[in-house]
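Undergrad: The structure follows.
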Amino acid sequence: MFSLMANCCSWLKRWQEPVRKVTLIMVGLDNAGKTATVRGIQGESPEDVAPTVGFSKIDLKQGRFEVTIFDLGGGKRIRNIWRNYYAESYGVIFVVDSSDIARMEETKQAMIEVLNSPKISGKPVLVLANKQDREGALSEADVIESLSLEKLVNEHKCLCQIEPCSAIMGCGKKIDKSIKKGLYWLLHIIAKDFDALNERIQRDTTEQKAYEEQKKLERAERVRRIREERGSRTSDLLLPFKALYHQQPTMLPIRD
Amino acid sequence: MISLEVRILLLGLDNAGKTTLLKQLASEDISHITPTQGFNIKSVQSQGFKLNVWDIGGQRKIRPYWRNYFENTDILIYVIDSADRKRFEETGQELAELLDEEKLSGVPVLIFANKQDLLTAAPASEIAEGLNLHTIRDRVWQIQSCSALSGEGVQVRLWRRLAVPAGHL
């Protein structure tokens, strides 16, 4: 009876907890399996995925968490955009192609760059050692060694968990359990120290937004000036054609 | 097989290469293309998909008419000249104004980074930051490198695949 009451109490306590909005970023080299992982989590087929050269996101509910995962392109020519998402992320999911031994050094460099950022240091990192279904894939221990993971996460005070997995194994309820386990771990760590983490993220994002807003205004002003200059130029040169310019658009059929 | 119709809107500044891209898609001759005053439309079928692509003229004076075509758009393809860095700000501003439009809210954006055959073409991350794509949070965006001139990166098969993450299929 007593335990039943205790159960009820803890349930009530959990029920009273506010919904927490958490943003995670999923990064890693191109072809590591980020989009496949995200699609698996979402319950979609993780096969036949085109390379992401940009940004997509998924939303999911996990207990009292509303989780948003940003899936960011990993190719060499797009990787530089990652830094724009650091401020708002509560944690990092780093996906590694464990079977691509030739690119381990590049993976390591990419990871160093992420953890080196002051906006990321101290935040929890989940490493998914993906493609374990492939022959010759490095084991958990070997991935740790080739990335010097231990040293790296200690240096930057990031709590870290590594999960060997296979993103293409299934989706939705049939998703590789290691991916789920990893995600639980990450959310658990975030929950443990939520208030401090949340405060840091609010501060960093406010700062970044103010900066972006400022840039946006400056840019709008520059573009306005360019347009104005060009407008006055064309009005002199193309005076005889001006009537034409104004007529032509009216010929466009308007959809209703 | 059920044919899924997808309405694609092709926009971008003048001289970005929208019409060339459209003609390549339809495997038509691209040697005599003049600035588009009105619009061009092509329908292309591919593996159960019917892509209806609308290409609207990009000159400054006719850009206000873009809005007549916003309704029911499934995918916005925004074409840019990857080598024309001087105009990144202008094209980014034009795109930002498009994304603020209610009728295009949540519509996925594909940036066709055209003229990648030129040596001076900017890499994807520079385009993303130049066009301020990295501040977008409310929709999927993706950069597709291509050369409308050589036809690289504009195959129908590819368009279909790009439509998948955009929420179709």
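Using N, Cα and C of the backbone, Cβ positions are placed for all residues, glycine too.
Just so it is clear, the model here is predicted, and its values are computed rather than measured.
OK, TrEMBL features for this one:
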BINDING   B:Gly12, B:Leu13, B:Asp14, B:Asn15, B:Ala16, B:Gly17, B:Lys18, B:Thr19, B:Gly58, B:Asn114, B:Lys115, B:Gln116, B:Asp117  GTP binding site
BINDING   B:Thr19, B:Thr36  Mg(2+) binding site
Undergrad: Can you count the other CB atoms that lie within 10 A of the CB of B:Thr36 (Mg(2+) binding site)?
TA: 17
Undergrad: Using a Cβ-Cβ cut-off under 8 angstroms and a sequence gap of six or more, which residues of the chain neighbour B:Lys18 (GTP binding site)?
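TA: Non-local contacts for B:Lys18 (GTP binding site): B:Leu10, B:Leu11, B:Gly12, B:Thr36, B:Asp55, B:Ile56, B:Gly58, B:Val79.
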Undergrad: With an 8 Å cut-off on Cβ-Cβ distance and a minimum sequence separation of at least 6, pull the same-chain contacts of B:Thr19 (Mg(2+) binding site), or say none.
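TA: Listed in sequence order, they are B:Ile33, B:Thr36, B:Asn40, B:Asp55.
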Undergrad: Should B:Lys18 (GTP binding site) be counted as helix, strand, or coil on the basis of DSSP?
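TA: Note: B:Lys18 (GTP binding site) is helical by DSSP.
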Undergrad: What is the number of other Cβ atoms found within 10 Å of the Cβ of B:Gly58 (GTP binding site)?
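TA: Result for B:Gly58 (GTP binding site): 23 other Cβ atoms within 10 Å.
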Undergrad: Assuming the binding residues for GTP are exactly those in the record, B:Gly12, B:Leu13, B:Asp14, B:Asn15, B:Ala16, B:Gly17, B:Lys18, B:Thr19, B:Gly58, B:Asn114, B:Lys115, B:Gln116, B:Asp117, what is the maximum CA-CA distance in angstrom, rounded?
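TA: If we measure all Cα pairs in B:Gly12, B:Leu13, B:Asp14, B:Asn15, B:Ala16, B:Gly17, B:Lys18, B:Thr19, B:Gly58, B:Asn114, B:Lys115, B:Gln116, B:Asp117, the largest is 22 Å.
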Undergrad: Please work out the number of neighbouring Cβ atoms within 10 Å of the Cβ of B:Ala16 (GTP binding site), leaving out its own Cβ.
TA: 24
Undergrad: To see if you understand the setup: which same-chain residues, six or more apart in sequence, place their Cβ under 8 Å from that of B:Asp117 (GTP binding site)?
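TA: Same-chain residues close to B:Asp117 (GTP binding site) (Cβ under 8 Å, separated by 6 or more) are B:Ser147, B:Leu149, B:Ser150, B:Glu152.
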